[in-house]
């Protein structure tokens, strides 16, 4: 696996010698704007593979995206290869409909240490919950970013990531009450500990997320990519976009239902994805939100 091929895939052309916060931020932002957070393979009858070589081939060579077990695994590898001090961590996603965190460790994230300061780096949460900058591992501190205000809180060795969101404007009244629209201004995202993990720790959940009827990845097809102004998502056959702060403290959220032909075109033009097999969009009871 070639780190230069990775840099080309994410469009990163700047310094690889300065292992500082600015470089870390640039790599994160290049990856999140080049590599979609998506589960389309599952809805094309293909498996989501866990191994690093398979992930590199899928994302770098085939120019696809993936979910956190792939996308953040690749980021972890790249940052380590560059010389950053990295630790793989595992997270428990907050499940809004049941108001609790997942019982299984379903999210992979990365800790990076720079000059004795620890940062959380995550390029694979997707939608409008995606951080645009590394988060300093400090409890109780509001960390404003373009998407929202993020806050990390530590309690008895467990860290909690929350998000404080803006007001939102939805011009298409048909979708004002849609289950695709995030309606909370204060949003719990996930919890995690600082216990080091390996990719093997995620083998069970990699299978579970692809097979369990309780998995949102089984219920709904999803593709999300950050842009310079916000984020675009394809949820089932609905194209959604959120433009951050399009006016003072208000996000613009737009929705459009797509035909089968339009979906193929949008995947290519908006997300840079050309699928090899037939894609069957799915919007079940369990959905992602924008």
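Here the Cβ of each residue, glycine as well, is placed from N, Cα and C on the backbone.
Quick caveat, the model's predicted, so the values are computed rather than measured.
Per Swiss-Prot, the features are:
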MOD_RES   1  N-acetylmethionine
ACT_SITE  68  active site, acyl-thioester intermediate
BINDING   106, 107  substrate binding site
ACT_SITE  107  active site
ACT_SITE  122  active site
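Recorded residues residue 106 (substrate binding site) and residue 68 (active site, acyl-thioester intermediate) have their alpha carbons 9 Å apart, per Cα-Cα distance. In this structure the C-alpha atoms belonging to the residue listed as 'active site, acyl-thioester intermediate' and residue 1 (N-acetylmethionine) are separated by 19 Å.
In this structure the alpha carbons, written CA, of residue 107 (substrate binding site) and residue 122 (active site) are 10 Å apart. Non-local neighbourhood of residue 1 (N-acetylmethionine): 52, 53, 56, 60, 77, each in the same chain, at least six residues away, with C-beta under 8 Å from its C-beta. Look at residue 107 (substrate binding site): DSSP puts it in a strand. Around the Cβ of residue 122 (active site), the same chain contributes 68, 72, 109, 110, 130, 131, each under 8 angstroms and 6 or more positions distant in sequence. Neighbour density for residue 68 (active site, acyl-thioester intermediate): within 10 A of its CB lie 23 other CB atoms from the protein chains shown.
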